[in-house]
Amino acid sequence: MAANLNPPSHFSQPLVDPEKKAPGSRLLPPSSFQSRDAADPWQALTKAKGKIDQLQQENELLRSSKPQEKAVSTGQETCEHPCKAISRAPVEPPPPAPPSPLPAHQFLHLQHTADILSKQATELAQVRSEVMTLRSQRQREVGELEEKLRETEVRYRTETATLTAARKCQEEEHTAQMSILRRTHEAEMASKQDMITSLKEDSKKTQTLYQQEVSQLREKLLTSEEGSEKIRNELTNSNREKGLAVESLQSRVNKLKAYIGDTQAASRSTALWQVEREKHLKKIKDLERDLDNQRSAVQLLNVRLSSTNEILGIQEAELSRVKGESADSGKKLQLLLTRWREKVFELLVQLKSQEVVEGNIRRDHNWQVTELEEKTTSLQNKCHLLEHSIADRDAQLQLERGQSQSLQDELASVQQVAELLDAKLSAHEETVPQLTSLLQSFQQKHTAMEENLVSLVCRLGSFDQRISFAVGRIEILKGLIARKDALWRLREQEIQTSSQTLTKDDDENTQNNGDRLSFDQLKMELQQVTRERDALAARIKQDSETMQEQFNEVRAKFEARQEQDAARLQELESQLRERSKDLQSVSSKLDRAESESQESHRTIGRLKTALAKLQLSSERASVDKMVAMETQLTNQLAEMEKRLNDARREQAKAVVSLRQLERQMTRERERSAQMLQTQEEQLQLEIDRITALLREADKDRNLLMATLKQEGLVGQYKAQRAAARRLDSEMDESTQTPANQDAAKQGQVKGQPAHHAKPKAPLSAILTDLQSLTAQVLADEDIDDSDVENNDKG
């Protein structure tokens, strides 16, 4: 069966002898039908010249081949099956050409090859245009990326220039503000000195107003205490804020360090992951290719198995069906059917193998397309990664700029706080001499009060002496008054003795009345004097007691005020010490903040240099990657062009073989149609003959049944009929068993009577099988024609 197929040498032979070939009938190369690209004409010319040289060499080799091969091939063709000889019979040629007539199939073959070459040329032109478009797109993308990188560099330079200019402007403004603040401070100092002089004059003027000054001092002390508390709160708040700022700066620096380390580790891990992923993808692709090859091999083996099984089934069916038919006509029909089925099966095997090959080719093409898509996606992903890395670096730069700006703002705030503290220090230093002058004035006033108190104590002593002198005088007065009383009494006695000589009654009465009046007056005066003396003594005692009490109160107040002033002096000294300590701590913190700011500036400079180095390294790496990718893409494009050319050549060969198979199929269709017509006519005749025989058999059967019924032999006939049915069932089971058992059972059945060996495949079943096979073959051919047209269009 495989011997009926055309050998490969049949397709490699020239269609026309080189001697009979016309001089103008030489085939044109595919480059003659291609449109020359305007981009690189010299390359296209060199390729076309090379292809023309190759075709000329092939033509010379074909011409130099011996004509004996053609004769041998024609002899082999005549020795093949008659059906194939009929199919290869020469078809009536078209109207002959003037130099040398060519057969029609050769002319069609040449025309078909010219069409194929023109299609291939158009496809090659399309592929080249696509390649040119892809190259232009890639160049555009590369240009866009370069422009973006340039723009980013220009932006970075402009931003650095603006930042430096802004920093210089800020420094100039800071110096100007410092000079203005110094001038204002000097003016304030001058004004404060004037105020101090005026206050000194006022203090000299207001020394007499002790209570007012004391109240003013109390108010000033309260205000100073409030100011000191405010200053303490401000200092504590500023210290807290500075500590928080320092902690935030340290946390930011740590975050930046961790972020830089994570980015470096992530970049390394991503590169390793990409390398491993590419390795695994290559392994997967190789394994998938092996799987496809194994699947194609399995499919071909399955096709071979199915073909052998079908051949065996056909042979068994032929052996089973040949038994009941007539000798000559049955054999001829079975031979025709078998030959036709063999040819159909061979064509089906060829079509199936071609479908498998085309499927493999399509899979290869799809695989190549998927590889190219994956490579393009990988390139896009790399571009995205580069863009993201650039964005990341920009974000880092912006973060560092923000941090530098925040540090500058914090430095400005610290400088402002330092200036405020300096101003407060100067104000406190100015208030210290004021407080000292106030304390000195208070001490002076205190000494004056002490002197006044001493003078008052001296006066109190003098007043005591005066009071004691007055008491002595009062005692003297009492003695004098007692003496006067005694003298008055003596005078009265003398008067009494002298007045005895006077009249006793009148004179005695008048004198007694006068004496009584004078004595009463003297008593009254004495009583008044004693009362006045007692009142003066009581007053003197009260005045001395009040003076002592006032003296005690003044002394207690003086001692309390002295204690209060000493406590206040101690508090002021402690406050001054604390303020000096706070100022020292603030100055140390300022020094630390300045050192930390300097360190932060140094770290910023280092980070900037590291960023510049990273940018340069990333730019170099991107340029290297771009160059490597360009080389890889060019190599891949060249390989793809080579593969496309090879695939198109194979496709052209497959299309030529398919066209030849189509022509053979059309011829065999015509032959099979003719054979089917003849078989149908013969079958119709046999059917008519068999129907006549059946009618005669029915008549005989009716007569036999009537006779059997009359003679009573129906029971015997039924028994024989049951045995025949059992034999039929056994024959059916034997057909389902393997071929060796079927052959043995068929040998046993042949030995049985003729009425038991009935044919299992009647002519109607054969006709239905033939009709179904022809329908399937026609449907497959229509599908193949549609696929070929679609491929040609594509």
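Every residue, even glycine, has its Cβ placed from backbone N, Cα and C.
According to TrEMBL, the protein has these features:
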- 1-40: region 'Disordered' (REGION)
- 1-12: compositional bias 'Polar residues' (COMPBIAS)
- 59-81: region 'Disordered' (REGION)
- 60-69: compositional bias 'Basic and acidic residues' (COMPBIAS)
- 277-304: coiled coil (COILED)
- 498-517: region 'Disordered' (REGION)
- 574-602: region 'Disordered' (REGION)
- 589-602: compositional bias 'Basic and acidic residues' (COMPBIAS)
- 623-700: coiled coil (COILED)
- 724-763: region 'Disordered' (REGION)
**Prompt:** How does the compositional bias 'Basic and acidic residues' (589-602) divide up by DSSP, counting helix, then strand, then coil residues?
**Reply:** 14 helix, 0 strand, 0 coil
**Fill in**
Per the Cβ under 8 Å criterion, with at least 6 residues separating them from its ends, the coiled coil (277-304) contacts 349, 352-353, 356, 359-360, 363, 367, 371, 374
**Prompt:** Looking only at the coiled coil (277-304), what is the mean pLDDT?
**Reply:** 75
